[in-house]
Structure formats: C-alpha cells, structure tokens
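Feature annotations, reproduced from Swiss-Prot:
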DISULFID  C27-C66  disulfide bond
DISULFID  C36-C55  disulfide bond
DISULFID  C39-C60  disulfide bond
DISULFID  C43-C62  disulfide bond
SIGNAL    1-23  signal peptide
Amino acid sequence: MAKATSSLVVPIIFLVIFALVEQNMGCNDYIVGDVCVHCRERCLRYYPVTRKAECYRNHCLCIGPCPDDRPHKRFQMLNSSKNVKAQILS
C-alpha cells in the first residue's frame, strides 16, 4: 500500500506546479500593424494602463495582468449582436 501512495505523489506535485504557474503568468497580446510605432497608444486603446507596451519582432506587444472574466468591449459587442439575432429569430 505504501508503494501505491508514493506513485501518486509525483502526479500530485505536477498538478500543483501547473496550477501555480498558470495563476502567476501574465497575459500577452500582439497588436499587428505597422512596425513598432506608438505601441503605448495602441495598447491603451484596447487595454487598461496597467499594461506595458514593448516592441517585439516589429510588432507591438502588450504585457500585463490577465483580465477578469468579463469579456473585452470587442467581444461584448459581438455577443450582443448574437443576442439580438437570437431575439429576432425567436
């Protein structure tokens, strides 16, 4: 029986590690367009001021904390149009 419990220790350790790593990673997003021109302004257009703007491989990269569960404005608009279509069809 001791051997069976010791075989479960390694998978449990990996599960804990992966759970912690996912929580501590920030969210990155590329803004594709022209070469890195006005990256800070581009990031501020879509994200809060807590994001950091960098140029990476000729693209703007917005780095910062992950947003909460609320969808971004772009996705809220898409979802609201789907709701309108569903209301029209029903």
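Residue 1 is the first one shown; counting continues down the chain.
Cβ atoms here come from the backbone N, Cα and C positions, even for glycine.
Projection of Swiss-Prot feature records onto the structure.
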residue: C27; record: disulfide bond; DSSP (3 states): strand
residue: C36; record: disulfide bond; DSSP (3 states): coil
residue: C43; record: disulfide bond; DSSP (3 states): helix
residue: C55; record: disulfide bond; DSSP (3 states): strand
residue: C60; record: disulfide bond; DSSP (3 states): strand
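Its own atom aside, the Cβ of C62 (disulfide bond) has 21 Cβ atoms within 10 angstroms in the protein chains shown. Remark: of the disulfide-bonded residues C36, C43, C55, the most isolated position is C55 (fewest other Cβ atoms within 10 Å of its Cβ). Listed disulfide-bonded residues near C62 (disulfide bond): C27, C55 (candidates C27, C36, C55; Cα-Cα distance within 10 Å). Candidate disulfide-bonded residues: C27, C36, C43. Nearest to C60 (disulfide bond) by Cα distance: C36. Rounded to the nearest whole angstrom, the C-alpha distance between C55 (disulfide bond) and C43 (disulfide bond) is 11. A separation of roughly 19 Å, to the nearest angstrom, links the Cα atoms of C36 (disulfide bond) and C27 (disulfide bond).
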